[in-house]
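Here the structure is laid out as structure tokens; the discussion comes afterwards.
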Amino acid sequence: MKHNGKRHSQHEHANPSQRDGRRSSRSGQRPRSGDLRDSQDESHRSGDHDRGRDRTQRDRDRTGNRATQRDRDRSGNRASQRNRNRAGSGNRARKPQAAAAQCPKQPAKPQPVPHTRDESEFLPMTMEAARARGWDQVDFVYVCGDAYVDHPSFGMAIITRVLEHAGYKVGIIAQPDWRDPASVSVFGEPRLGFMVSSGNMDSMVNHYTVAKKKRHNDAFTPGGEFGHRPNHAVVVYSNLIRQTYKTTPIILGGVEASLRRLAHYDYWSDKMKRSILMDSGADIISYGMGERSIVEIADALASGLSVRDITFIDGTVFRTDSLDEVYDYELLPSWDDLQADKLNYARSFKVQYENADPIRGRRLVEPYPNHQFAVQNPPTLPLTTAEMDEVYALPYARAWHPSYDDAGGVPALAEVKFSLASNRGCFGECSFCALTFHQGRIVSARSHESILAEARDMIADPDFKGYIHDVGGPTADFRAPACDKQLKAGACKHRRCMTPHICPRMKVDHSDLVSLLRKLRALPGVKKVFLRSGIRFDYVVADSDPTFMRELCRHHISGQLRVAPEHVSDAVLAAMGKPENSVYQEFISLYERENAKTGKKQFVVPYLMSSHPGSTLKEAVELAEYCRDLGYMPEQVQDFYPTPSTISTCMYYTGVDPRTMEPIYTPKSAHDKAMQRALIQYRDPKNYDLVVEALRRAGRTDLIGFGKNCLVRPRKKK
């Protein structure tokens, strides 16, 4: 990537001293903030997923900022919320096949504590550390809701290192006290501006389960301690800065700002909220993966341009009181229209979704009262392989800041420390996932050389035990765009790549991934390479070459393969944007046949979701019968979590599918959702009354009895 601005010498910097992250360890990609699968009653996710965790939060908000491409490749932010934060259960069941393994609980203090790194390896967190570098003033202050972990699975690390690489001096304020304005004045006024992010997750997902109950810990805080960031952190931090610095530019980024960049439904308050730009007092948003746009913004400010005149950068949203100089745009329903009729939000969301493409996406304008407008420029192009390689080659310390050692460090690092981010973007388009809005449908990937170089660095770490925990991204087995057309004309506007059936234009090919995995396995010091990001099973089924499935079963599973069929009802699967159940069953057959050849007893652990739009009690009973036939109680069950800017959340709020405007049933009451969840976990005695009530309401009392197909027995008469 080309960068403008004065570069500082290398030694100048070296002077002073899920989520849990299950996805890779590389930046933008999964800072996934941890991969933890958000089992909402206990959450945890790959480091972030999403990843806090009351339990395990799965694809959690991978965090990051994504941004705009313009003339020079600049730098970025990343981290994405595979946003599928959902909510989960934590009941332990009889597991006849050992396949129902419970997601591991995230420790409050990860063990072992990584070897302490010198403070000089990190960007400064105090003015004293900045002066040790010879700085009298920083160019930017990066304010974040997460603790400072200088690792490319964390959006804060990527964006700040990208800015450093572009020649800018960056100071970091991690988890400031939002009740004290002085907490954001550690560096005084920056020369160019403040940057604000909630961290790798939306702060509300970080704080609350799907039942709107407070979580008990925070994987992105030292020691896993809860309570070190406010609700709606981006808005709170921005307003805190504005109390002291009235005119200093404020740039928002990260998953919370990106997915709330225009008016959106807020599940926790159960109402529409304005663009986060309007409520925060900030000047501009760098949305999505922001490596390019953030440097372009920095360069514009450094050139003397007023922040109010920075209206031309792709991957940004700005606020204006005049449309005189805004061109070639599509007008969205106004804020007043959105409040007047829920269906207007469905119409608005459809337009936004159709324009979430860097090649054919149009500029969007959302009007507000008093002649105010939020203007969203088209998304930026995904990074090229060379650009991604450059981002991941930056001098990350790959550790938490040493000031956190006494607290036991930052738990979210544990999952991603020995993982490798391979790719970004996803053309799977699950309705409950925000990746289309955040990383886009066009997949980009790092080179083998870049990934192998990072793997060698990991192997040299004294804490490395020979196991690479993950190689992947939003979807592990996507290493290239779905088809050649995407890079020329963009992703199709009215057609999905994989549902209801795989597009005939798609190039289904695992050979590049197979080659990469073979090279990683061959590295001296590597005992095992796991794939834990999640493979797209319908993509595997569509591959006529059995090599990937064979090598997956032989080398990359540790007894259990976690996949996400989510449901068994084709009607619900259609609403979810998932393949038909028959495709999943075909995958299971392939998997079992391949394992039989290897002689290994390896199982599949299915991720299931309850209460998704489209799921009535009839479909919930159908899923319960599937669980009955499994022979054990699945523990990877999550209630649907309506997080910002997903198709499913739009369905939940409006009662229609925005793609068709057809009505769709959505269970909303706590009791209705509890019944659907209880049906999946009907073996748990605590769920007996709910299961019986649900079966009676569904007209399925035939499943109450002593027959082999019954779910529960009648209550004993006293």
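If you go along the chain as it appears here, the first residue is 1 and each next one adds 1.
Positions of Cβ are set from backbone N, Cα and C atoms, glycine also.
TrEMBL entries are annotated by machine, without manual review.
Remember, predicted model here, so these are calculated numbers, not experimental data.
These come from TrEMBL:
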- Cys426, Cys430, Cys433: [4Fe-4S] cluster binding site (BINDING)
- 1-10: compositional bias 'Basic residues' (COMPBIAS)
- 11-23: compositional bias 'Basic and acidic residues' (COMPBIAS)
- 32-76: compositional bias 'Basic and acidic residues' (COMPBIAS)
- 86-106: compositional bias 'Low complexity' (COMPBIAS)
- 412-683: domain 'Radical SAM core' (DOMAIN)
- 1-118: region 'Disordered' (REGION)
- Task: Quick one: average pLDDT across the domain 'Radical SAM core' (412-683), no decimals.
- Result: 95
- CB neighbours within 10 A of Cys433 ([4Fe-4S] cluster binding site), counting all protein chains shown, number 25
- Determine the Cβ neighbour count for Cys426 ([4Fe-4S] cluster binding site): the number of other Cβ atoms within 10 Å of its Cβ. 26
